[in-house]
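Feature list (source: Swiss-Prot):
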- 1-22: transit peptide (TRANSIT)
- 23-98: topological domain 'Mitochondrial matrix' (TOPO_DOM)
- Lys29: N6-acetyllysine (MOD_RES)
- Lys53: N6-acetyllysine (MOD_RES)
- Ser56: phosphoserine (MOD_RES)
- Ser58: phosphoserine (MOD_RES)
- Lys60: N6-acetyllysine (MOD_RES)
- Lys67: N6-acetyllysine (MOD_RES)
- 99-124: transmembrane segment (TRANSMEM)
- 125-169: topological domain 'Mitochondrial intermembrane' (TOPO_DOM)
Amino acid sequence: MLATRALSLIGKRAISTSVCLRAHGSVVKSEDYALPSYVDRRDYPLPDVAHVKLLSASQKALKEKEKADWSSLSRDEKVQLYRIQFNESFAEMNKGTNEWKTVVGLAMFFIGFTALVLIWEKSYVYGPIPHTFDRDWVAMQTKRMLDMKVNPIQGFSAKWDYNKNEWKK
């Protein structure tokens, strides 16, 4: 009996299509993304809805005045009508931001931090450079490889002239 009651409650909860959801003891409206929304974007210049959804009394009067001849509207009234419909103008949208300074600053910070880590590693983590990197050692190793005639067809020894004891030109 208890199991059927629990399953019926779970089923009702899962099937219900209410708009309100309960969260932390209060009712929260879920956002319906199927409805048109306002966005300021250069590539989408005319949004589906106006910027201001709930008009004040003065804005409603201005909207009524808009229905008449536009030559009777002052410049400020036209700007107010524009601001009811749009949040930003194209000039305001195209205006550069200072975000690039933050990006460049953070990139330089991380590059500098990485350089400090590399300097610290070179000083304290890595040992001395091996003796096999010394020029004399490399010369002796090269001479040994030439004496052994390593890869004589296309490789290292093919570029050495054994008669003249010099590199081929």
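Glycine residues also receive a Cβ, built from the backbone N, Cα and C atoms like all the rest.
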Ser56 (phosphoserine) and Lys67 (N6-acetyllysine), Cα-Cα, nearest whole angstrom: 17
Rounded Cα separation (Å) that holds between Ser56 (phosphoserine) and Lys29 (N6-acetyllysine): 24
CB within-chain contacts under 8 A for Ser58 (phosphoserine), separation at least 6: none
Between Lys60 (N6-acetyllysine) and Lys53 (N6-acetyllysine): CA-CA distance (Å): 11
Lys29 (N6-acetyllysine) in three-state DSSP notation: strand
Those residues of the chain, 6+ apart, with a Cβ under 8 Å from that of Lys60 (N6-acetyllysine): none
Mapped DSSP class for Ser56 (phosphoserine), helix or strand or coil: coil
